[in-house]
């Protein structure tokens, strides 16, 4: 019998080409088909609010948010409840109201599994009953492995990639249940994965996250959990980004403060252990006088804990040497002054960290500025005497005759007899005295208002005209003052 050749299988139909997503977010890596979708998404990473209310000036990220806000001015309530005559400005308010009629309780407490009809009721319950408490493990969903207890630091289940703990699961996401909050509603996580949604959902506000550690950080906002402690002042924070920003306030406290390298030391780590991770970077770490607070865009979402916690401890590591900032980055001194460049900030920091060349003849205290010494003499010893302080400063100059940096200019030697403030010139003192006398010698001929200084009058007169001397080079809008222009330019930051 002749062998019958096996029929050749029909060629598989070509797979459908994946849709092009050419627009990528530089912050989180997500891709979008249209530029408009990317712009709308990127607003989450920035403080940009391009849609302004024409009545009150309040800004919004999206046009539909502005449309909802405008109804607060007009009183329009287009969303009507079918069970009662109540009306609402937006569909969200109507949905929250309808649970009164249906008896539905969609908000679940992950600690005791009580359910609530409103988010505010759940929030009150969490703060009263479970303040500082994290959820206990729940049973995993079908088809998912059994889980051990979650990590006490970041609530991960299984081998913890954040803090080095160990457990039963492995991997990341709902299929491995290793680096996520698999114990927080794993059945829902599996269903969400099938629906191509972020698998980890918050039972308090229904926000979804790609990783369990993000949900852990988010849940802390509902329960007031603050696991991140500052090793210098023992203040608590519920996010590592807030702790890092707070640590910068300690940078200018002087040589007596604990070294920054100690931040990365875990519990039980000795001096040698604490120094291993920082010795190689000591040459690149910025000096205390060169620290700067880089103000990143607001609204960046929940900070990820991965890489921010050292192995074996709950404290955040020392801040690494700052990357070279872009030209749009703002620099802020701890005294609250903002600067557009690092050079301007460094020049300003001389006032805080300059050489202590002015000495007090009574107690020997040293100060970098003459005004600071005179303030000390007035408060501590009940006297002034700028000339005596200047003489003492000259006696302390180096033998080489080289004047110390910044010591020969900008001295404040003209004092006010009312409040004893010091000024650099008689003109500045005369301008200041008007504060005590209440005199306002500069009137506006348009509206009759009076002003203490001529510069205030000039700025006010711009309100009556069309001149806007400070235009925006991006959109062309004009402003009366430079400070208003600076605030406006922050709206464009991140979209260039």
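Each residue, glycine too, has its Cβ placed from N, Cα and C.
According to Swiss-Prot, the compositional bias 'Low complexity' annotation covers 259-280.
As annotated by Swiss-Prot, N-acetylmethionine applies to 1.
The region 'Disordered' annotation in Swiss-Prot covers 250-280 (among others).
Per Swiss-Prot, the feature region 'Disordered' maps to 378-412 (among others).
DSSP assignment over the zinc finger (23-45) gives 8 helix, 4 strand, 11 coil. Residues or ranges marked as zinc finger by Swiss-Prot: 23-45 (among others).
If you look up Swiss-Prot, you'll see 51-73 (among others) marked as zinc finger. Each residue of the zinc finger (51-73) gets a DSSP state, and the totals for helix, strand and coil are 11 helix, 4 strand, 8 coil.
Swiss-Prot lists 79-101 (among others) with the feature zinc finger. Applying DSSP to the zinc finger (79-101) sorts its residues as follows: 11 helix, 4 strand, 8 coil.
If you look up Swiss-Prot, you'll see 107-130 (among others) marked as zinc finger, on the strength of sequence analysis.
Residues or ranges marked as zinc finger by Swiss-Prot on the basis of sequence analysis: 200-222 (among others).
Secondary structure counts, DSSP: the zinc finger (228-250) has 11 helix, 4 strand, 8 coil. Annotation comment: Swiss-Prot describes 228-250 (among others) as zinc finger.
The zinc finger annotation in Swiss-Prot covers 331-352 (among others) and is backed by sequence analysis.
The zinc finger annotation in Swiss-Prot covers 358-381 (among others).
Annotation comment: Swiss-Prot describes 414-436 (among others) as zinc finger.
Taken from Swiss-Prot, the feature zinc finger covers 442-464 (among others), and the record attributes it to sequence analysis. Counting only same-chain residues 6+ beyond the ends of the zinc finger (442-464), those with a CB under 8 A from a CB of the stretch are 431, 434-435, 480-481.
Swiss-Prot lists 470-492 (among others) with the feature zinc finger, giving sequence analysis as the kind of evidence.
With DSSP classes pooled into helix, strand and coil, the tally for the zinc finger (107-130) is 11 helix, 4 strand, 9 coil. Below 8 angstroms of C-beta separation, residues 68, 71-72, 117-119 of the same chain, each at least six residues beyond the ends of the zinc finger (79-101), sit close to that stretch.
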